[in-house]
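For reference, the structure is listed below as structure tokens.
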Amino acid sequence: MAAISREEVAHLARLSRLAVTEEELDTFAGQLDVILQAVAQVGEVAAADIPPTSHSVPLTNVFREDVVTPCLTPEEALSGAPDAEEQRFRVPRILDEDVAS
Amino acid sequence: MTDVTAMTATQIAGLVATGAASAVEVTQAHLDRIAAVDGRVNAFLHVDTEGALAAARDVDARRAAGAELGPLAGVPVAVKDVLTTKGVPTTVGSKILEGWRPPYDSTIVQRLRAAGTVMLGKTNMDEFAMGSSTEYSAYGPSRNPWDTDRIPGGSGGGSAAALAAYEAPLAIGSDTGGSIRQPGAVTGTVGAKPTYGGTSRYGLVAFSSSLDTPGPCARTVLDAALLHAAIGGHDPRDSTSIPAPVPDVVAAAKLGATGDLSGVRLGIVTEFGGEGAEPGVTAAFNEAVDTLTKLGAEIVEISCPHFRYALPAYYLIAPSECSSNLARFDGVRFGLRTGDDGNRSLEEVMSLTREAGFGPEVKRRIMLGTYALSSGYYDAYYGQAQKVRTLITRDFTAAFERVDALISPTTPFVAFPLGARTSDPYQMYLADLFTIPSNLYGGPGISVPCGLSEGLPVGLQVMAPTMADDRMYRVAAALESAVGTLTPPTM
């Protein structure tokens, strides 16, 4: 049985903000199925009482002195922006037209 | 003057320090070499001719003024395109950052500049460091100088190929699952993954933040150690940076070069024996084990029962972190934006931008990670993988109570032909079978040439405890002193 369906892959693509093509969906569904079946092996390990490791360095709450250091100017920060206006990143509309008007 | 491109970094620094060669002459020789061979190798995505010559002139001026020069002053270095370079294009091998010129330098690049090294340019890589062959680069694959129909490894294949093609004596890579060590192995060069947190991630374009580790690539162990010392150490701008000095890797490399390993205990992982490695790789590895024994090392076999789950755990953890990290490529603050016709919504433009800007492997991993983190699947996939990570760490800890370091082949197979593994993504993942455990644990690993199989290089990996990077340099340098460096066919 397949670990993942074409419909589930389409849903993942939407969640991932990827406007994938129909052809890509066919390819990815098959490939992700192979990968998921392989990585599912982690389920064979009896690990109910084992604490998870998210990170190999046991550091928490790393602080530094609150001193001002040189940083990017607004022009530098915006230098790679696809679109900018009045020292801001300019984005396509977020609200629907009728809500905005 | 003999050809400086054939020299080690140590030799070049000596020439510059004594004035036998200027940094500008050294740099020009490497730029000429790149111009002559890179059409066939494709190691570089961008060559910064003006910047390199300016940096070289600066070294020469400081020497003329009587300034104290560091041990790598005037030595050219190639930098993987995953590290930001102020004003110099940084693409991460992706169309989504094509043309981006970062407004700041990564910490690694700042330290390279401070050490007086001369950055030649940026090297090719699998897109976002996801791959083992550079075939997932949006700018075409790099080629292995040993056989240009074969892959140079990945993701840092450009850096390794640049070394093997004598385009640079030093290079920087980044290792999330083996992206420094595996390219080192298949190109007959040296690649070291430092202890996680031992080198700064500030300005390293993130793939999997709990695993990503920048590190040195070179043609000799001593050169790698010198580069490691120059770039390593605490960085307040990386909150996962370890606030402790880098172990003395240079002294360890020099000690190892004496060829004496008496008193050193090395472990061979039982679970690596049965799986994966092709016969020629196993043969070269076994021969290297005999050599290490002759050098005085004591070899024991050690069981690390959870290592066989490292690959599956990695391919849940790394994609999960990547799906989160790569959310920042949204067509707003940097890089590509496409489909913005004035009518489409932000979400539509974002989806079209990411569809156009990311290649297939990146899309696969983003979706895989999104799946593993989904409600309903989280415990069985991501959560379980994190528990396996704990067990792998315990395997390492137990092993290092009995031995000083572990050894294995670096990668199961020699450089494969271009195209051999692109149609089946999981076959590509197997290249990292032996390198991934160290990433999950956080400890250092190094690949050093140990011989040839069918005329192609084989690497031996040394894995050490966290913050004991010096141990792996000692073992690697000792093996190098017996085996010698490998020289590819003349290009």
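Just so it is clear, glycine is given a Cβ too, placed from its N, Cα and C backbone atoms.
As given in TrEMBL:
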| type | residues | note |
| --- | --- | --- |
| ACT_SITE | B:Lys80 | active site, charge relay system |
| ACT_SITE | B:Ser155 | active site, charge relay system |
| ACT_SITE | B:Ser179 | active site, acyl-ester intermediate |
| DOMAIN | B:25-471 | domain 'Amidase' |
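Here the CA atom of B:Lys80 (active site, charge relay system) lies 9 Å from the CA atom of B:Ser155 (active site, charge relay system). Per-residue confidence over the domain 'Amidase' (B:25-471) averages 97 (mean pLDDT, predicted model).
Taking the Cβ of B:Ser179 (active site, acyl-ester intermediate) as reference, residues of its chain lying under 8 Å away and at least six apart in sequence are, in sequence order, B:Met125, B:Asp126, B:Ala129, B:Ser132, B:Gly154, B:Ser155, B:Gly156, B:Gly173. Taking Cβ-Cβ distances under 8 Å and a sequence gap of 6 or more within the same chain, the neighbours of B:Lys80 (active site, charge relay system) are B:Lys122, B:Thr123, B:Met125, B:Gly156, B:Gly158, B:Ser159, B:Ala171, B:Ile172, B:Gly173, B:Ser174. For B:Ser155 (active site, charge relay system), the number of other Cβ atoms no farther than 10 Å from its own Cβ, over all displayed protein chains, is 35. Under DSSP, B:Ser155 (active site, charge relay system) is assigned to coil, being neither helix nor strand in the three-state scheme.
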